[in-house]
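Quick one: the structure is below, questions incoming.
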Ligand code: GLN
């Protein structure tokens, strides 16, 4: 049997190929030379699988899709609070290259528009001899899992016509948002935009964000969880510039577009998606890219606001066991977050006080969030106060050391069937 996912991706591309709307961006002369027919799509899962279709080996410049990652890098380096002093998180509702600032705070409104991205670039910490753009190239290479390079032609071409970005740089310097040479910073920012990627690279990068900052294969922590949350939130509210509201309602996936024709999207815990097609609309967003994302979101139910109600299914089964039918077993399944824990504890509330043994079996849980663990052990304690002996069976070791802290006495690592033999 072969999974139908690759066929499905191919089908989506063939549907969108007919859409020839939009124009090649020409304010960067080199981008006007792109082949308008190129079309590629890659999808990665949070556990690391990558599917791709179309021109998936074709390299293009990352452009504004570099912005969330420059932001991630400085958040890692300086911490969220310090970065917030320099760049805000409010959607601007303006074009990406608007020469604008937050009127009250005198700082750029967000890191996804050029004024915010240029300021963010200036915050990248480097060691002597390494430029900020190079620092970011190394960081993106690590996330992509291969050595990325700069497109010198696109860089040189954009530098020749960078009047608007230079005005933004001077404006930022004037108000003190930049404290170094604006020409050097704009130069570095334009280099950052000229890093070359394929849709597969972007899907590799996206899967790290989808997986909460951990490398899906090695488990190595590449980005702090709080940083991932910050970056995805800003992508959701500001990633598509002055089309962000339209995108949020129709697609509902945190995303970032680049004027070269790429869009990278991340649905936390689920998938990363990357598309490429060079014709862009008046906002600088890929026309076919939007089309593809709209179809994927609708067909695969990926809209962020379409949460799956999993609370009702948290209790897989509940039964009596033991020689005298006096052991009450709750087998749990799925993910234990707040709503599932609330449902579990609401059910446990029905247990009349007494000295029965209550077994909570975590074997079929796929994930326990910290709030789930806290509520679980709070429930254990309350059942104990009612006179029960309570045992948590964690044969798969899903609870982390930190989550178990102070409750190790009630956790057993045996298989449920083995544990229940004691009562026969
Ligand atoms: N390098 C481009 C610029 O600064 C990036 C813009 C974009 O991709 N939207 O104008």
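The backbone N, Cα and C atoms fix where each Cβ goes, glycine too.
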Of 19, 110, 114, 324, which does TrEMBL put in the substrate site with 64, 158, 165, 189, 241, 259?
114
Taking only the binding-site residues 165, 189, 259, which have a CB closer than 6 angstroms to any atom that belongs to ligand 1?
165, 259
How far apart, in angstrom, are the most distant Cα atoms among the substrate-binding residues 64, 114, 158, 165, 189, 241, 259?
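Roughly 20 Å, rounded to the nearest whole number.
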Would you pick out, from the binding-site residues 189, 241, the residue whose Cβ has the largest number of other Cβ atoms within 10 Å?
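Counting Cβ neighbours within 10 Å, the top one is 189.
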So if I measure Cβ to Cβ from residue 165 (substrate binding site) and keep only same-chain residues at least 6 apart in sequence, which ones fall under 8 Å?
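Those within reach of residue 165 (substrate binding site), by Cβ under 8 Å and sequence separation of 6 or more, are 97, 114, 118, 186, 189, 190.
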